[in-house]
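This report refers to the structure that appears directly beneath it.
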Amino acid sequence: MLIDTYGRVATDLRVSLTDRCNLRCTYCMPEEGLQWLAKPDLLTDDEIVRLIRIAVTGLGIEEVRFTGGEPLLRPGLVGIVERCAALEPRPRMSLTTNGIGLKRTAEALKAAGLDRVNVSLDTLRPDVFKTLTRRDRHRDVLEGLEAAREAGLTPVKVNTVLMPGLNDDEAPDLLAWAVENGYELRFIEQMPLDAQHGWKREGMITAGDILASLRTRFDLTEEGSERRGSAPAERWVVDGGPHRVGVIASVTRPFCAACDRTRLTADGQVRTCLFAREETDLRAALRATPEDPSGAPDADADAEIARIWRLAMWGKKAGSGLDDPTFLQPERPMSAIGG
Ligand code: SAM
Ligand code: SF4
């Protein structure tokens with residue numbers, strides 16, 4: 001098991017497949033992009049599958065979420081999903097994506113064994129989308145969402161970040177649209193994880209603001225916390241059901257005490273928290289003990305990697321530290337950690 005000194009057990013692994021992206025969301029990346037990781041530093045597909053195998057067979061990981069950067073930009077994605085689906089025990093698998101290109105790949109991902117997707121969409125207005133993401137790709141995202149639903153990558157969840165003065169008036173419209181289209185909407189509070197360090201607590205749209213805005217049009221009944229797969233969204237039943245809406249209040253109502261996550265960056269570093277300032281290198285251990293070309297696991301080498309991973313988790317801090325006056329934003333931005 002991956003257990004920490006506070007007794008929390010990690011069963012949910014977030015794997016970043018790339019730090020690159022084809023959008024430039026203002027709360028995430030600067031317009032010019034970032035200095036991308038060099039190819040030799042990235043884990044290969046084989047290395048990723050090996051680490052996931054170690055996590056699933058030896059460390060109690062039950063759920064794997066592929067993310068990035070934009071994970072659909074990783075050429076080997078379908079193959080990675082297929083190989084992970086063959087693991088025993090088979091993990092639940094999902095993908096967090098901006099949806100661009102999902103129209104082409106949804107069927108193949110489903111056939112490979114992906115269970116569901118989360119698609120990020122912040123607005124129903126193409127012009128606002130262009131301002132928020134600095135790219136004119138609104139239609140591609142809508143088409144990607146439809147393709148995911150048609151392929152059965154359900155429930156399709158939609159992640160939305162509201163930004164003051166840009167899309168903060170859209171919460172009720174987004175919920176009406178999600179209900180109509182059979183998507184489950186989840187609002188995420190903006191976090192201080194942008195590369196430009198532009199986050200400000202004052203003026204940020206809080207869970208309280210979002211709920212007040214939704215209640216101008218909908219009757220919301222609190223359902224309680226969604227615990228399955230550690231999803232931190234607090235959920236509300238919309239107009240008596242069956243539809244639900246979620247709010248992930250990472251800033252104003254942190255859920256650190258119930259956290260069951262561990263994270264792997266595209267260059268093979270374990271992070272125990274989005275806000276952690278320390279990382280543990282698994283890539284060096286992996287490359288020091290390459291797998292036999294036949295793919296046969298080397299039990300001793302894998303046990304050593306599992307030991308390093310357990311040790312990293314043991315050092316997990318109690319909380320994000322966001323409310324601490326000495327809080328310092330981590331050096332890696334969200335797109336390089338894997339959101
Ligand atoms: N590119 C994919 C996408 O956008 O879904 C996956 C990676 S992205 C970093 C994962 C999620 O993090 C997205 O839903 C995005 O909206 C969210 N995100 C990015 N920066 C954020 C920030 N500063 N605060 C809150 N959420 C953020
Ligand atoms: Fe790309 Fe996702 Fe970051 Fe937007 S939020 S820039 S889509 S990684």
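A Cβ is built for glycine as well, from the same backbone N, Cα and C atoms used for every other residue.
Because TrEMBL annotations are produced automatically, they should be read as predictions rather than curated entries.
Same-site candidate for GTP binding, as annotated by TrEMBL with ARG14, ARG65, LYS157, ARG261, THR262, ARG263, chosen from THR96, THR97, THR123, THR289: THR96. Annotated [4Fe-4S] cluster 2 site CYS256, CYS259, CYS273; additional same-chain residues within 8 Å of its Cβ mean position, judged by their own Cβ, are ARG8, PRO254, PHE255, ALA257, ARG261, THR272, LEU274, PHE275, LYS316, LYS317, ALA318, GLY319, SER320. Highest Cβ count within 10 Å among the binding-site residues THR96, SER120, THR262: THR262. Close to ARG261 (GTP binding site), meaning Cα to Cα within 10 A, are the following binding-site residues out of SER120, MET191, CYS273: CYS273. Taking a Cβ cut-off of under 6 Å from any atom of ligand 1, the binding-site residues THR96, SER120, ARG261 reduce to THR96, SER120. Cα spacing between THR96 (GTP binding site) and MET191 (S-adenosyl-L-methionine binding site): 17 Å, rounded to the nearest whole number. Among the binding-site residues ARG14, CYS25, THR262, the ones whose Cβ sits under 6 Å from an atom of ligand 2 are, in sequence order, CYS25.
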